[in-house]
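K.L.:
According to TrEMBL, the transmembrane segment annotation covers A:12-36, A:56-80, A:92-108, A:114-137, A:146-164, A:197-215, A:236-259, A:279-311, A:323-342.
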Amino acid sequence: MIRFVPRARTPVWLTVAVSVGSGLAALLLTAVPLALSGAPVLAAFVLMAQGAAGDGFALAETLTRATPLIFTGLAAAVAFRAKLWNIGAEGQLYAGALATVALGAGLIEAPAYILVPTVLIGAAAAGAALLLIPVLFKTRFGADEVVVTLLMNFIVLLFVQMMIEGPMKDEMAMGWPQSAPVLDEATLPKLVAGLRLHWGLVIAVVAALALHIFITRTVWGFRIRAVGENARAARYAGLPVGKAMALVGVLSGGLAGLAGASEVAGLKGYLTSDLSPGFGYAGIVVATLANLSPLGVVPAAIFVAGVFVGADSMSRAIGVSNYLADLVVAFALLSVLVGGLLTRFRIVVVRRGTA
Amino acid sequence: MHPDPRPLVLSLAGITKRFGPLTANDQIDLDVRAGEIVALLGENGAGKTTLMSILFGHYIADEGTVHIAGADGQLVPLPGGSADAALKAGIGMVHQHFALAENLTGFENIVLGTQPLFSLTLTRRAARAKIERLMAESGLTADLDVPVARLSVGEQQRIEILKALYRDVRVLILDEPTAVLTPQEADGLAATVRALAGRGLAVIFISHKLHEVLALCERVVVLRGGAKVADRPTAGADRAMLAELMVGRAIPPRERPPSTPGAPVLSLKAVSVGSPGQRDRLEQADLDVCAGEIVGIAGVSGNGQGALASLVAGLAAPREGEARIAGARLGRADPSGRIAAGVGRIPEDRHRDGTVGALTVAENYVLESISEPENQSGGFLRRGAIRARAQEAIAAFDVRCPGPDAAIRALSGGNMQKVVLARALAREPRLVLAHQPTRGLDIGATTDVHRRLIAARGRGAAVLLISEDLDELFALCDRIAVVHAGHLSPAMDTQGLDVRTVGLMMAGHGAGEAA
């Protein structure tokens, strides 16, 4: 008989080992359908690894793809820690992108050192404001935030489409539904000339560090953890539950909004309705892989981005569908959920006797 | 000693159960005869639950055998690991927390699981006749035709017992059956149990209330640390002896030095809490709790003590009337305001309200005081100072834990309660609210909680103790008030107060009628 004994504390190495092990387990599990489809398994993985990090260009591409995932991963991590189930990062990302274009495409003319921060703050504020609505609905009326945030995604996306087909449409874009481009002064500079990698990555990593320190070292971070783990006890102890929730909403929505700003001002330069291939939802996966730790979000986002970039490159080389990437990520998610048992419990094997 | 002529119905021999390094049951023998009432006594963790779980097939014993009398009276082995086999063999159990479907009627609950899916009127009528016969024989009466949610706790328990009897049990296990009953209801239950035993039913009575065990049971089996330490007739045993057997050491008598009450700290004048439709509400309550005294609130839970506790703890505001703490009027629901006003609060449910399980012992210790300068500067936690302070509290309150960084959910109930106690009492509150502070704790931890409350009284704090345990109230309190259906009686001096008077008031009869 196997028994699960709760752990008094989980060593950090074990948490890390479970996350890394889950990634490896996911690749192993993916080998099964890969082999069944008749593809050369080892060659496929080698190609995938090369595609994700084989050279500077591949690595830069992976990091570029990881940048919005770090932001949305952080957005999910901080919200889920407080048991605020924000499924609306996709919508908040678009709200941030919309604010970026609104502020950065000519409304304000200023030098970069003023315009870039303005755009970033505006995008974060837009994302935060969008999430505050469901948070208030939740704390005031007990409305379920999963439903509200999820449905708001569609409203925001339709609103974005309306704006880029209408008032914000770029007249020079040959009729394509896209916004006017942001000014050069509002653009996040490239990190390396000639590559797509931009300063958004640095901001994302700094945000992860800042969030880690905030959650673990500050009074408000402490309150958020307490409210998330047991809101009743937090209220009994006199902690400001409603304010803590609102703060979580601001942080989570703001981070998702920054993902939109980073994509528009760092990469695309303008807003289209296919700006995000589901970065908001993928952030939930990233946060889960990272065990909701802000520091863990960075490697988790790079892993997920690497799988997608690598799978793309592999599918072009040997003709295996790049849906394989979804499979790897799904297996990784399942492995992490199982691995969570190991971090919360010690597994003790008890010899089974008979009565 | 003469051999007992009554036939054995249940025989456990050499039952041993280990969980890793822990031996939960160590070579336990237990024989029960038809018509016998046996008490199973032991602290939390002594192995009572494990033993009963083995009997019920939830666990499989590592060693040992269970035999139960078949229809012909011959002892046959009971296959391990099968709850179904245990039920079929005639073992029934009434758990402390009832297993009733609240939206079904008493009748439906009793026959649930014994009826074919599409039951015919005929089988219903037969079932009904059988239940009514059982009710007549045992004296267990309850309304069978209303949803059990509308029944009183005592009636729900009678439904549970009928449920077991309906399945023709030969061995009935009652787990802490009187914990939720008024003294009168408990007396009624005792009479029923005696009547059932008189008809040949074997009863295993699990309790930690020693006087009940002595009054009701003819034999007492004491478990300690997984082993059987006593198996003797109750005749000739006394409470001190049984307590010592349970704990393994002599229990020092509680010392309660005299104290002169000072000025009122908590003062309620015609205070109502909670909307009139609520069951747990307070109507026009008057109460003074003075410095240096312990005032107890007796009552069956759900009669208004929850509303009173919420008011004092800051989770609720008075709907009408005037509530004051140290002269300052209580307004809106404001837990941190109450803490600032000098109220130390011990909540009823330490898992739900008292602690955040995933946080560490140290973090739980500073949960209420996190924004104080001693715990933070400039919005950043002073982690070293918090740890050091928690370490002091762990030493001062003798909290058994791996250290201040251990998640509090890994602690036992008693140690968790010590952390809650340390937090509530650390800043020398002028008013202590203790709501069921010893529920679920063993004798050692209970004694410790009592000692702390008496010490708080000794240093001049006013203590409001809400408890369902009358023994506890009579042992600790200077005055006792009774709450029933939202109405709070005047607080009466404990000296010269009769338990039965309090029991009658808990059931809704006035003090006048009782006298």
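Cβ atoms here come from the backbone N, Cα and C positions, even for glycine.
Bear in mind that TrEMBL entries carry predicted annotations, made automatically and left uncurated.
Could you tell me the structural context for the features on the list?
P.N.:
When Cβ-Cβ distances below 8 Å are used as the criterion, the transmembrane segment (A:12-36) is approached by residues 44-45, 289-291, 293, 296, 299-300, 303, 320, 324, 327-329, 331-332, 334-336, 338-340, 342-343 of the same chain, each at least six residues removed from its ends.
Within the chain, the transmembrane segment (A:146-164) has long-range Cβ neighbours (under 8 A, six or more residues past its boundaries) at 85-88, 90-92, 94-95, 97-98, 130-131, 133-134, 137-138, 170, 177-179, 271-273, 280.
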K.L.:
To the transmembrane segment (A:114-137), which of A:56-80, A:197-215, A:236-259 is linked by the most Cβ pairs under 8 Å?
P.N.:
A:236-259
K.L.:
Using a Cβ-Cβ cut-off of under 8 Å, list the residues of the same chain that are 6+ residues beyond the ends of the transmembrane segment (A:92-108) and lie near it.
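P.N.:
Residues 68, 71-72, 75, 86, 115, 118-119, 122-131, 156-157, 159-160, 163, 168, 179-183, 186-187, 252-253, 256-261, 263-265, 270-271, 275-276, 279-280 contact the transmembrane segment (A:92-108) from elsewhere in the chain.
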